[in-house]
Amino acid sequence: MSPASTVTGLPTVLVINSGSSSLKYQLLVPDTGEVLASGLIEQIGEASGRINHTTGDHKYVEETRIDDHGVALAALQDQFAAYGPNLDEITITAVGHRVVHGGSSFSEPVVIDDAVLAEIEALCPLAPLHNPAAVAGIRAARERFHVPHVAVFDTAFFSGLPEAASTYAIPTELAAQHKIKKYGFHGTSHEYVSRQVATELGVPVADLNVIVFHLGNGASVSAVRGGRAIETSMGLTPLQGLVMGTRCGDIDASIYMYLHNVADLSIAEIDTLLNKQSGLKGLCGDNDFRAIDQRIRRGDTAAKRAFEVYVHRLRLYLGSYAFTLGRLDAVAFTAGVGENNPMLRAAATSGLEHFGLHLDEGRNASSTKHARVISTDHSPVKIMVVPTNEELAIARQAEELVERLRP
Ligand code: AMP
């Protein structure tokens, strides 16, 4: 038997997602998905920071300076002490950390010891914006929570991609020397959603071929055959693939050199341009889909064009992944845009009846928050909306690993 919290009678996991200037957390019960508390600590390292802590129906907001991730972890504990739940009355069985890049070293969740932490740190060149923050968050959390800490990697679900899918057509030795290959990201979400699709449809994961569109501010798509990912759109970094909020996704690689030579931009400037000022933002000035949706309804041509570019790219992936899978059972939409924007889902799947996709307009328009089928009853390929829950997936993976290793 694993230790249990006195609040729920069930094991509890603290999930931490450390960004460079923010730290998100959730205390939850992996068995039931119940969230006991959640929070967001923002503007770490800036003159003034902000802490949001939510427990039950109560939300607490505080403004205070947060110098680094160590101070953020202290603030996290202070929030629990001030507003609950009381951590002295809860047995946290594990802390689960979201780590963006696991490189070739990590293909599944791992209990963090000093050697693992050093390896995550060694992967920083592959994810310079993300892994240093994870390392800082893990260090600070290990000092304060003396329970097993588990790293769950965004890349893990894609570590078994077929070689033909993960290999870039550049010289083999150079690619090997610098570990250049397609790693894929959002893996925790793609794995969780593909399994939820199987559960919702009542079929074994092993029998299911599904395409998952994770469409948030970052966006990616995966092709999953029998529970294993065989393709995904993000690459060495999360810049490749679909058009995103501020990232360009696929472009001709020569644009880098061209901008450098012709527009006199430095590599760092081009990096910022393609990661932070491109995508929907670059096309129409907005990266929030709600704003773009409203502008389209008002007849704004730049917003309409951005939407069309976004949809065009998405449909190219839908078609090519369907062919890669050979047989397609379901297409699932998830994350902020995928879960909430019927106009996008309709544009992505319209006119594809010949290929077995029959959208039901009424079902697509419904705004219920649950996983659901939005295609017609006779649609050979099921079109679905499946809310993602990366925190729950991380908590479950952390709890399972700790339970498996318990003497
Ligand atoms: P995420 O990264 O998953 O949080 O998703 C962020 C994106 O989802 C932003 O572009 C939001 O505009 C979009 N989004 C969130 N809620 C809604 C909504 N209710 N309707 C349309 N788009 C939404």
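Residue 1 is the first one shown; counting continues down the chain.
Cβ atoms are placed via backbone N, Cα and C, with glycine included.
Sequence annotations record features per position, and here TrEMBL assigns Mg(2+) binding site to Asn17, Glu390. If you take the C-beta of Asn17 (Mg(2+) binding site) and look for same-chain residues 6 or more apart in sequence within under 8 angstroms, you find Leu23, Lys24, Tyr25, His97, Arg98, Gly137, Glu390, Glu391.
Positions annotated as ATP binding site by TrEMBL: Lys24, His214, Leu215, Gly216, Asn217, Gly218, Asp288, Phe289, Arg290, Gly336, Val337, Gly338, Glu339, Asn340. According to DSSP, Glu339 (ATP binding site) sits within a helical segment.
Feature annotation from TrEMBL assigns substrate binding site to Arg98. Taking the Cβ of Arg98 (substrate binding site) as centre and 10 Å as the limit, one finds 22 other Cβ atoms among all the protein chains shown.
Under the DSSP three-state reduction, Asp154 (active site, proton donor/acceptor) is assigned to coil, being neither helix nor strand. What TrEMBL lists as active site, proton donor/acceptor is Asp154.
Shown in sequence order, Asp154, His214, Gly218, Ser220, Ser222, Met234, Pro238 are the residues of the chain, 6+ apart in sequence, with a C-beta less than 8 angstroms from the C-beta of His186 (site 'Transition state stabilizer'). Taken from TrEMBL, the feature site 'Transition state stabilizer' applies to His186 (among others).
Look at TrEMBL and you will find Arg247 (among others) tagged as site 'Transition state stabilizer'. DSSP assigns Arg247 (site 'Transition state stabilizer') to coil, not to a helix or a strand.
Least crowded of the binding-site residues (Asp288, Glu339, Glu390), judged by neighbouring Cβ atoms within 10 Å of its own Cβ: Asp288. Cβ environment of Leu215 (ATP binding site): Leu242, Leu314, Phe333, Thr334, Ala335, Gly336, Val337, Gly338, Asn341, Leu344 lie under 8 Å away, each six or more residues apart in the same chain.
For the binding-site residues Lys24, Arg290, the largest tally of other C-beta atoms within 10 A is found at Lys24. A simple way to gauge crowding: the CB of Asn217 (ATP binding site) has 17 other CB atoms within 10 angstroms, across all the protein chains here. Residues Lys24, His214, Leu215, Gly216, Asn217, Gly218, Asp288, Phe289, Arg290, Gly336, Val337, Gly338, Glu339, Asn340 are listed as the ATP binders, and the farthest two of them sit 23 Å apart at their Cα atoms.
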